[in-house]
Amino acid sequence: MGKKDKRWVLQRKNDHYYNLAKKRNYRSRATYKLFQLNEKFNLIKERNVVVDLGCAPGGWLQAARDIVGDKGFIVGIDLQTVKPLPYENVIAIKGDMTKEEILKQARDLLPEKPDVIICDASPNISGVWDVDHARSLELTTMALMTATKMLKRGGNFVVKVFQGDLFEKYVQLVSEYFDKAFTTKPRASRDESAEVYVIGKRFNGRKFDLNSKSPIVKLLDLKPVEEEITSPSLRKEISKEDSGLMIKRIKEMRSKKE
């Protein structure tokens with residue numbers, strides 16, 4: 001075992017929330033993040049209907065089930081297979097949250113439109129700050145888009161985002177679809193982690209605007225880099241820093257697509 005592996009094992013052994021989760025048979029220390037977020041923002045209530053995007057390994061499914069009780073209902077969606085939980089009112093679907101057929105499958109299972117959509121998903125980490133921030137924004141924007149398709153009016157949303165140049169613009173984007181937007185870092189988050197949680201309270205019912213002028217939405221556009229650089233309208237909308245990040249992300253997405 002290398003030095004790095006030994007440090008990781010030691011850190012985990014000394015991790016209060018890891019040990020607490022293990023003791024109480026929760027699948028992840030992240031379970032306590034949702035408990036703490038809910039304690040502070042009152043996102044999920046007893047009997048609520050909840051959708052968990054990127055639900056593997058199931059820690060947030062467990063936390064949500066503890067909150068909604070046996071009268072609520074929870075559907076999780078993840079690209080990975082999630083081991084079933086021993087509750088009739090918790091179901092995990094294997095699939096892509098951006099695909100309409102997967103969302104239809106989720107809707108067919110739900111007794112009504114969800115009261116809350118939660119997302120603790122993380123992108124594949126590269127270790128490069130700008131790239132990880134951009135990947136996080138892509139994932140969280142997809143989660144927001146899904147939330148606007150599924151949530152009932154007045155519903156709540158919580159999503160994990162990595163900090164970076166466009167973080168505040170993502171918060172602004174969330175505020176377009178919710179009466180209030182907040183940011184927070186629960187106690188269970190590690191101090192060294194770049195993760196922050198964005199909260200949207202009381203969904204206003206607006207459909208997601210694919211033509212939004214937000215630079216966050218522009219990140220999802222796969223037009224050639226040259227078009228992005230020379231577009232006068234785009235140049236007016238974003239700063240140099242945003243543009244640099246955008247171009248990096250487009251290049252990365254294009255190479256991945258190829």
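Backbone N, Cα and C atoms are what each Cβ position is placed from, and that goes for glycine too.
All protein chains considered, the CB of ASP96 (S-adenosyl-L-methionine binding site) has 13 other CB atoms within 10 Å. According to its DSSP assignment, ASP96 (S-adenosyl-L-methionine binding site) is coil. According to Swiss-Prot, the S-adenosyl-L-methionine binding site annotation covers GLY58, TRP60, ASP78, ASP96, ASP120.
The DSSP secondary structure for LYS160 (active site, proton acceptor) is strand. According to Swiss-Prot, the feature active site, proton acceptor maps to LYS160.
When each of the binding-site residues ASP78, ASP120 is scored by how many other Cβ atoms sit within 10 Å of its Cβ, ASP78 comes out lowest.
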